[in-house]
Amino acid sequence: MTPVPFLVSPFSPLSYDLMLFLLFPDVDPGPGMQKPQLLVPVRATPNGTLVHPAYFLLVGIPGLGRDIHFWLAFPLCFMYAMATLGNLAIVLIIRVERRLHEPMYLFLAMLSTIDLVLSSVTMPKMASLFLTGIQEIGFNVCLAQMFLIHALSAMESAVLLAMAFDRFVAICHPLRHASVLTGPTVAKIGLAALTRGFVFFFPLPFILKRLSYCQTHMVTHSFCLHQDIMKLSCSDTRVNVVYGLFIILSVMGVDSLFIGFSYVLILKTVLELASQGAALKAFSTCISHLCAVLVFYVPLIGLSVVHRLGGPTSLLHVIMANIYLLLPPVVNPVVYGAKTKEIRSRVLHMFSQGGR
(Lines of atoms letter the chains of each structure in order from A; the text may use other names.)
(Lines give C-alpha, C1' and ligand atoms only; values in the text may rest on other atoms or scores of the structure.)
Protein backbone atom coordinates (compact mmCIF):
# COMPACT_ATOMS: atom_id res chain seq x y z
CA MET A 1 0.00 0.00 0.00
CA THR A 2 1.45 3.39 -1.01
CA PRO A 3 2.13 5.63 2.01
CA VAL A 4 0.09 8.84 2.04
CA PRO A 5 2.23 11.99 2.31
CA PHE A 6 1.59 14.35 5.19
CA LEU A 7 0.51 17.63 3.57
CA VAL A 8 -0.10 20.68 5.73
CA SER A 9 -2.86 23.08 4.79
CA PRO A 10 -3.04 26.54 6.43
CA PHE A 11 -6.66 25.73 7.34
CA SER A 12 -6.01 22.28 8.81
CA PRO A 13 -6.46 21.61 12.52
CA LEU A 14 -2.69 20.96 12.67
CA SER A 15 -1.85 24.58 11.77
CA TYR A 16 -1.40 25.39 15.48
CA ASP A 17 1.07 22.49 15.83
CA LEU A 18 2.90 23.73 12.72
CA MET A 19 3.19 27.26 14.13
CA LEU A 20 4.48 25.88 17.43
CA PHE A 21 7.04 23.73 15.60
CA LEU A 22 8.31 26.64 13.47
CA LEU A 23 8.64 28.97 16.45
CA PHE A 24 10.10 26.40 18.86
CA PRO A 25 11.68 23.57 16.80
CA ASP A 26 13.64 22.14 19.74
CA VAL A 27 10.64 21.85 22.07
CA ASP A 28 9.05 18.44 22.46
CA PRO A 29 5.50 18.85 21.08
CA GLY A 30 4.15 16.45 23.69
CA PRO A 31 1.47 13.76 23.39
CA GLY A 32 -1.25 14.29 20.85
CA MET A 33 0.87 16.69 18.81
CA GLN A 34 3.34 15.85 16.05
CA LYS A 35 6.08 17.71 14.24
CA PRO A 36 4.82 18.19 10.68
CA GLN A 37 7.09 17.05 7.91
CA LEU A 38 6.04 19.89 5.58
CA LEU A 39 5.84 17.85 2.38
CA VAL A 40 4.88 19.88 -0.67
CA PRO A 41 2.99 18.38 -3.64
CA VAL A 42 4.85 19.28 -6.83
CA ARG A 43 2.79 17.78 -9.66
CA ALA A 44 0.58 14.86 -10.51
CA THR A 45 2.23 11.85 -12.19
CA PRO A 46 0.82 8.56 -13.53
CA ASN A 47 2.00 6.91 -10.31
CA GLY A 48 0.44 9.51 -8.02
CA THR A 49 1.35 12.93 -6.69
CA LEU A 50 5.04 13.86 -6.71
CA VAL A 51 5.89 15.10 -3.22
CA HIS A 52 9.00 17.02 -2.13
CA PRO A 53 9.88 18.17 1.39
CA ALA A 54 10.17 21.91 2.00
CA TYR A 55 13.44 21.13 3.77
CA PHE A 56 15.63 18.33 5.07
CA LEU A 57 16.93 18.00 8.62
CA LEU A 58 20.69 17.49 9.05
CA VAL A 59 21.47 15.13 11.92
CA GLY A 60 25.15 15.99 12.38
CA ILE A 61 26.92 13.10 14.09
CA PRO A 62 24.40 10.46 15.23
CA GLY A 63 24.50 9.55 18.89
CA LEU A 64 26.12 12.78 20.09
CA GLY A 65 24.17 15.22 22.20
CA ARG A 66 23.65 18.94 21.60
CA ASP A 67 26.43 19.91 24.04
CA ILE A 68 29.04 17.73 22.33
CA HIS A 69 28.01 19.09 18.93
CA PHE A 70 28.42 22.62 20.30
CA TRP A 71 32.00 22.01 21.46
CA LEU A 72 32.89 20.22 18.22
CA ALA A 73 32.06 23.43 16.35
CA PHE A 74 35.21 25.14 17.67
CA PRO A 75 37.78 22.67 16.24
CA LEU A 76 35.70 22.66 13.06
CA CYS A 77 35.97 26.46 12.80
CA PHE A 78 39.73 26.15 13.41
CA MET A 79 39.97 23.57 10.60
CA TYR A 80 38.04 25.89 8.27
CA ALA A 81 40.37 28.78 9.11
CA MET A 82 43.40 26.55 8.43
CA ALA A 83 41.94 25.30 5.14
CA THR A 84 41.07 28.81 3.98
CA LEU A 85 44.35 30.46 4.95
CA GLY A 86 46.52 27.54 3.80
CA ASN A 87 44.93 27.11 0.38
CA LEU A 88 44.65 30.85 -0.19
CA ALA A 89 48.33 31.29 0.68
CA ILE A 90 49.36 28.59 -1.81
CA VAL A 91 47.26 30.13 -4.61
CA LEU A 92 48.62 33.64 -3.94
CA ILE A 93 52.26 32.49 -3.67
CA ILE A 94 52.05 30.60 -6.97
CA ARG A 95 50.27 33.58 -8.54
CA VAL A 96 52.94 36.08 -7.41
CA GLU A 97 56.10 33.97 -7.89
CA ARG A 98 56.77 33.73 -11.63
CA ARG A 99 59.38 30.99 -11.10
CA LEU A 100 56.55 28.80 -9.76
CA HIS A 101 54.62 29.04 -13.04
CA GLU A 102 55.47 25.44 -13.85
CA PRO A 103 53.01 22.56 -14.45
CA MET A 104 53.43 21.00 -10.99
CA TYR A 105 52.70 24.29 -9.19
CA LEU A 106 49.91 25.31 -11.56
CA PHE A 107 48.17 22.01 -10.87
CA LEU A 108 48.75 22.61 -7.16
CA ALA A 109 47.07 26.02 -7.48
CA MET A 110 44.08 24.30 -9.12
CA LEU A 111 43.94 21.75 -6.29
CA SER A 112 44.07 24.49 -3.65
CA THR A 113 41.31 26.46 -5.39
CA ILE A 114 39.06 23.40 -5.45
CA ASP A 115 39.80 22.69 -1.77
CA LEU A 116 39.05 26.33 -0.93
CA VAL A 117 35.61 26.16 -2.56
CA LEU A 118 34.85 22.66 -1.22
CA SER A 119 35.61 23.65 2.38
CA SER A 120 33.44 26.76 1.98
CA VAL A 121 30.54 24.64 0.69
CA THR A 122 30.61 22.22 3.66
CA MET A 123 32.29 23.62 6.77
CA PRO A 124 30.34 26.87 7.45
CA LYS A 125 26.95 25.10 7.29
CA MET A 126 28.31 22.27 9.43
CA ALA A 127 29.67 24.73 12.01
CA SER A 128 26.33 26.55 12.06
CA LEU A 129 24.54 23.24 12.67
CA PHE A 130 26.84 22.38 15.58
CA LEU A 131 26.76 25.86 17.15
CA THR A 132 23.08 26.75 16.84
CA GLY A 133 21.42 23.35 16.53
CA ILE A 134 19.39 24.61 13.54
CA GLN A 135 19.04 21.48 11.43
CA GLU A 136 16.87 22.72 8.56
CA ILE A 137 18.30 23.03 5.06
CA GLY A 138 16.00 23.88 2.16
CA PHE A 139 15.26 21.17 -0.39
CA ASN A 140 16.82 23.06 -3.34
CA VAL A 141 19.72 24.33 -1.20
CA CYS A 142 20.45 20.73 -0.18
CA LEU A 143 20.45 19.62 -3.83
CA ALA A 144 22.77 22.51 -4.76
CA GLN A 145 25.18 21.61 -1.95
CA MET A 146 25.06 17.95 -3.02
CA PHE A 147 25.88 18.85 -6.63
CA LEU A 148 28.81 21.09 -5.62
CA ILE A 149 30.27 18.48 -3.25
CA HIS A 150 30.23 15.71 -5.86
CA ALA A 151 31.30 17.91 -8.80
CA LEU A 152 34.19 19.48 -6.86
CA SER A 153 35.32 16.03 -5.69
CA ALA A 154 35.40 14.87 -9.32
CA MET A 155 37.43 17.96 -10.27
CA GLU A 156 39.88 17.27 -7.44
CA SER A 157 40.24 13.67 -8.64
CA ALA A 158 41.00 14.90 -12.17
CA VAL A 159 43.63 17.36 -10.91
CA LEU A 160 45.29 14.60 -8.85
CA LEU A 161 45.43 12.51 -12.04
CA ALA A 162 46.98 15.45 -13.93
CA MET A 163 49.59 15.83 -11.18
CA ALA A 164 50.41 12.11 -11.43
CA PHE A 165 50.85 12.52 -15.20
CA ASP A 166 53.15 15.50 -14.58
CA ARG A 167 55.33 13.42 -12.22
CA PHE A 168 55.33 10.52 -14.72
CA VAL A 169 56.58 12.72 -17.58
CA ALA A 170 59.10 14.54 -15.35
CA ILE A 171 60.68 11.30 -14.08
CA CYS A 172 60.22 8.87 -16.97
CA HIS A 173 60.67 11.32 -19.88
CA PRO A 174 62.44 14.37 -18.41
CA LEU A 175 63.66 15.71 -21.76
CA ARG A 176 60.12 15.86 -23.11
CA HIS A 177 58.53 17.42 -20.00
CA ALA A 178 58.76 21.06 -21.17
CA SER A 179 57.38 20.26 -24.63
CA VAL A 180 54.55 17.99 -23.43
CA LEU A 181 53.21 20.06 -20.52
CA THR A 182 53.18 23.57 -21.95
CA GLY A 183 51.16 26.42 -20.49
CA PRO A 184 48.24 26.02 -22.94
CA THR A 185 48.19 22.26 -22.32
CA VAL A 186 47.97 22.78 -18.56
CA ALA A 187 45.12 25.26 -19.09
CA LYS A 188 43.27 22.75 -21.30
CA ILE A 189 43.69 20.01 -18.67
CA GLY A 190 42.26 22.34 -16.01
CA LEU A 191 39.30 23.21 -18.26
CA ALA A 192 38.70 19.52 -19.00
CA ALA A 193 38.66 18.73 -15.26
CA LEU A 194 36.13 21.53 -14.67
CA THR A 195 33.92 20.46 -17.58
CA ARG A 196 33.94 16.77 -16.69
CA GLY A 197 32.99 17.44 -13.07
CA PHE A 198 30.11 19.66 -14.16
CA VAL A 199 28.78 17.44 -16.96
CA PHE A 200 28.85 14.11 -15.09
CA PHE A 201 27.18 15.39 -11.91
CA PHE A 202 24.79 17.99 -13.34
CA PRO A 203 22.00 15.36 -13.80
CA LEU A 204 22.06 14.35 -10.10
CA PRO A 205 19.73 17.10 -8.78
CA PHE A 206 17.24 16.40 -11.57
CA ILE A 207 17.09 12.64 -11.05
CA LEU A 208 16.56 13.31 -7.33
CA LYS A 209 13.76 15.77 -8.13
CA ARG A 210 11.90 13.09 -10.06
CA LEU A 211 11.56 11.08 -6.83
CA SER A 212 8.79 11.44 -4.30
CA TYR A 213 9.69 11.92 -0.61
CA CYS A 214 6.84 10.80 1.61
CA GLN A 215 8.76 9.29 4.51
CA THR A 216 11.31 10.74 6.92
CA HIS A 217 13.36 13.75 5.80
CA MET A 218 16.28 13.31 8.22
CA VAL A 219 19.67 13.41 6.43
CA THR A 220 22.06 11.36 8.56
CA HIS A 221 25.09 13.57 7.85
CA SER A 222 26.10 17.18 8.40
CA PHE A 223 25.80 17.86 4.67
CA CYS A 224 23.85 16.55 1.68
CA LEU A 225 25.11 13.56 -0.33
CA HIS A 226 23.38 11.81 -3.21
CA GLN A 227 23.26 8.41 -1.49
CA ASP A 228 21.57 9.80 1.64
CA ILE A 229 18.94 11.88 -0.16
CA MET A 230 18.15 8.93 -2.43
CA LYS A 231 17.48 6.68 0.58
CA LEU A 232 14.79 9.08 1.84
CA SER A 233 12.61 8.52 -1.24
CA CYS A 234 9.63 6.19 -1.37
CA SER A 235 9.89 5.97 -5.19
CA ASP A 236 11.83 3.56 -7.38
CA THR A 237 15.50 4.61 -7.12
CA ARG A 238 17.02 2.18 -9.62
CA VAL A 239 17.96 5.00 -12.02
CA ASN A 240 19.76 6.83 -9.20
CA VAL A 241 21.59 3.70 -8.08
CA VAL A 242 22.74 2.78 -11.60
CA TYR A 243 23.78 6.33 -12.56
CA GLY A 244 25.51 6.89 -9.21
CA LEU A 245 27.50 3.67 -9.63
CA PHE A 246 28.30 4.58 -13.25
CA ILE A 247 29.78 8.00 -12.42
CA ILE A 248 31.73 6.80 -9.39
CA LEU A 249 33.36 4.07 -11.51
CA SER A 250 33.87 6.11 -14.69
CA VAL A 251 35.22 9.19 -12.88
CA MET A 252 36.95 8.34 -9.59
CA GLY A 253 37.46 4.68 -10.51
CA VAL A 254 39.18 5.42 -13.83
CA ASP A 255 41.24 8.24 -12.30
CA SER A 256 42.51 6.04 -9.47
CA LEU A 257 43.49 3.28 -11.94
CA PHE A 258 45.50 5.70 -14.09
CA ILE A 259 47.16 7.23 -11.01
CA GLY A 260 48.16 3.76 -9.84
CA PHE A 261 49.46 2.85 -13.31
CA SER A 262 51.49 6.10 -13.43
CA TYR A 263 53.17 5.26 -10.13
CA VAL A 264 53.97 1.72 -11.27
CA LEU A 265 55.85 3.20 -14.24
CA ILE A 266 57.49 5.84 -12.02
CA LEU A 267 58.65 3.20 -9.55
CA LYS A 268 60.00 1.05 -12.39
CA THR A 269 62.00 3.99 -13.76
CA VAL A 270 63.30 4.99 -10.32
CA LEU A 271 64.47 1.46 -9.52
CA GLU A 272 66.41 1.36 -12.81
CA LEU A 273 68.49 4.43 -11.89
CA ALA A 274 72.13 3.57 -11.22
CA SER A 275 72.59 5.94 -8.29
CA GLN A 276 70.60 5.35 -5.11
CA GLY A 277 70.82 9.05 -4.30
CA ALA A 278 69.34 9.98 -7.68
CA ALA A 279 66.56 7.44 -7.20
CA LEU A 280 65.64 8.84 -3.78
CA LYS A 281 65.77 12.41 -5.06
CA ALA A 282 63.50 11.56 -8.01
CA PHE A 283 60.96 9.73 -5.88
CA SER A 284 60.99 12.42 -3.17
CA THR A 285 59.34 14.79 -5.65
CA CYS A 286 56.29 12.48 -5.55
CA ILE A 287 55.86 12.28 -1.76
CA SER A 288 53.53 15.29 -1.44
CA HIS A 289 51.35 14.09 -4.29
CA LEU A 290 51.22 10.55 -2.89
CA CYS A 291 50.03 11.93 0.47
CA ALA A 292 47.32 13.98 -1.28
CA VAL A 293 46.20 10.91 -3.25
CA LEU A 294 45.98 8.74 -0.13
CA VAL A 295 44.13 11.42 1.87
CA PHE A 296 41.58 11.77 -0.94
CA TYR A 297 41.10 8.21 -2.20
CA VAL A 298 41.31 6.06 0.95
CA PRO A 299 38.27 7.69 2.66
CA LEU A 300 36.45 7.83 -0.72
CA ILE A 301 36.91 4.11 -1.33
CA GLY A 302 35.92 3.33 2.26
CA LEU A 303 32.80 5.50 2.00
CA SER A 304 31.80 3.90 -1.32
CA VAL A 305 32.24 0.40 0.10
CA VAL A 306 30.14 1.00 3.22
CA HIS A 307 27.39 2.65 1.16
CA ARG A 308 27.31 -0.17 -1.40
CA LEU A 309 26.96 -2.73 1.41
CA GLY A 310 23.54 -1.22 2.10
CA GLY A 311 21.71 -1.12 5.39
CA PRO A 312 20.94 1.92 7.54
CA THR A 313 23.47 4.72 7.75
CA SER A 314 25.75 4.11 10.72
CA LEU A 315 28.29 6.13 12.65
CA LEU A 316 30.99 4.60 10.41
CA HIS A 317 29.30 6.09 7.32
CA VAL A 318 29.24 9.53 8.94
CA ILE A 319 32.86 9.42 10.12
CA MET A 320 34.11 8.26 6.70
CA ALA A 321 32.13 11.02 4.95
CA ASN A 322 33.49 13.66 7.34
CA ILE A 323 37.08 12.49 6.81
CA TYR A 324 36.58 12.38 3.04
CA LEU A 325 35.29 15.97 2.82
CA LEU A 326 36.98 17.77 5.71
CA LEU A 327 40.49 16.30 5.78
CA PRO A 328 41.94 17.01 2.28
CA PRO A 329 41.39 20.84 2.33
CA VAL A 330 43.19 21.00 5.69
CA VAL A 331 45.97 18.47 5.07
CA ASN A 332 46.95 19.33 1.48
CA PRO A 333 48.32 22.85 2.22
CA VAL A 334 50.27 21.51 5.21
CA VAL A 335 51.79 18.64 3.20
CA TYR A 336 52.70 20.75 0.18
CA GLY A 337 53.86 23.64 2.34
CA ALA A 338 56.17 21.37 4.35
CA LYS A 339 57.52 19.27 1.44
CA THR A 340 57.82 21.93 -1.29
CA LYS A 341 60.95 24.00 -0.73
CA GLU A 342 59.85 26.98 -2.83
CA ILE A 343 56.50 27.36 -1.06
CA ARG A 344 58.00 26.75 2.36
CA SER A 345 60.70 29.39 1.86
CA ARG A 346 58.15 31.91 0.59
CA VAL A 347 55.88 31.34 3.61
CA LEU A 348 58.82 31.70 6.02
CA HIS A 349 59.85 34.89 4.21
CA MET A 350 56.32 36.29 4.61
CA PHE A 351 56.32 35.55 8.33
CA SER A 352 59.80 37.05 8.82
CA GLN A 353 58.71 40.21 6.98
CA GLY A 354 55.58 40.41 9.10
CA GLY A 355 57.54 40.05 12.32
CA ARG A 356 59.66 43.13 11.63
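Think of each number as a place in line: the chain as shown, counted from 1.
Just so it is clear, glycine is given a Cβ too, placed from its N, Cα and C backbone atoms.
Residues or ranges marked as transmembrane segment in TrEMBL: 70-93 (among others).
Under the heading domain 'G-protein coupled receptors family 1 profile', TrEMBL lists 86-336.
The transmembrane segment feature in TrEMBL is assigned to 105-123 (among others).
Same-chain residues lying 6 or more positions outside the transmembrane segment (143-165) and placing a CB less than 8 Å from one of its CB atoms are 104, 107-108, 110-111, 114-115, 117-118, 121-122, 125, 137, 186, 189-190, 192-194, 196-198, 200-202, 204-205, 208-209, 223-226, 229, 247, 251-252, 255-256, 258-259, 262-263, 289, 292-293, 296, 300, 325, 328. Per TrEMBL, the feature transmembrane segment maps to 143-165 (among others).
What TrEMBL records for 186-208 (among others) is transmembrane segment. When Cβ-Cβ distances below 8 Å are used as the criterion, the transmembrane segment (186-208) is approached by residues 103, 106-107, 110, 143-144, 146-147, 150-155, 158-159, 162, 226, 229-230, 233, 239-240, 243-244, 247, 250-251 of the same chain, each at least six residues removed from its ends.
What TrEMBL records for 241-266 (among others) is transmembrane segment. Non-local neighbours of the transmembrane segment (241-266) in the same chain are 153-154, 157-158, 160-161, 164-165, 167-168, 171-172, 196-197, 200-201, 203-204, 207, 226-227, 230, 283, 286, 290, 293, 297, 300-301, 304, 308; each lies 6+ residues outside the stretch with a CB under 8 Å from one of its CB atoms.
Look at TrEMBL and you will find 278-303 (among others) tagged as transmembrane segment.
Look at TrEMBL and you will find 315-336 (among others) tagged as transmembrane segment.
Mean model confidence of the domain 'G-protein coupled receptors family 1 profile' (86-336) amounts to 88 (pLDDT, 0 to 100 scale). Taking Cβ pairs closer than 8 Å, the transmembrane segment (70-93) reaches residues 61, 64, 100, 108-109, 112-113, 115-116, 119-120, 123-124, 126-127, 130-131, 133, 326, 329-330, 332-334, 336-337, 343, 346-347, 350 in its own chain, all 6 or more past its ends.
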